[in-house]
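Asks: The following block contains the structure, expressed as structure tokens.
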Amino acid sequence: MKFFLLFLVVLPIMGVLGKKNGFAVDSNGKAPECFFDHYCNSECTKVYYAEKGYCCTLSCYCVGLDDDKKVLDISDTRKKLCDFTLFN
């Protein structure tokens, strides 16, 4: 019973503190364009406060963005490609 109550308390907190991945956008709704990973890592960590970033399909893909950051709406195929590239 104690485990169940603990689970009910921790589950909402995990949802609030979650991070997301995606192409972070500026105030104009555009993601930074890129050719090299080091540019994206700098852009994502310093401008958008993500954990890291890299170049995927000529746009900066940020990993570990806060939930309140806006990301570019993309197809599931493109997102899967960038997530797959990240983990391989």
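Glycine residues also receive a Cβ, built from the backbone N, Cα and C atoms like all the rest.
Here Swiss-Prot flags 1-18 as signal peptide. What Swiss-Prot records for 20-83 is domain 'LCN-type CS-alpha/beta', and it gives sequence analysis as the kind of evidence. Among the features that Swiss-Prot reports, disulfide bond is placed at Cys34-Cys55, Cys40-Cys60, Cys44-Cys62, Cys56-Cys82, with the record citing similarity to another entry.
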Asks: Taking only the Cα atoms, work out how far Cys44 (disulfide bond) lies from Cys60 (disulfide bond), in Å, as a whole number.
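Replies: That separation, Cα to Cα, works out to 8 Å.
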Asks: What does DSSP give as the helix, strand and coil breakdown of the domain 'LCN-type CS-alpha/beta' (20-83)?
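Replies: Helix, strand, coil within the domain 'LCN-type CS-alpha/beta' (20-83): 18 helix, 19 strand, 27 coil.
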Asks: Near the Cβ of Cys44 (disulfide bond), how many other Cβ atoms are there if near means within 10 Å?
Replies: 24
Asks: Which whole-number mean pLDDT does the model give the domain 'LCN-type CS-alpha/beta' (20-83)?
Replies: 91
Asks: Spatial neighbours of Cys82 (disulfide bond) among the disulfide-bonded residues Cys34, Cys40, Cys55, defined as Cα within 10 A: which are they?
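Replies: So the list is Cys55.
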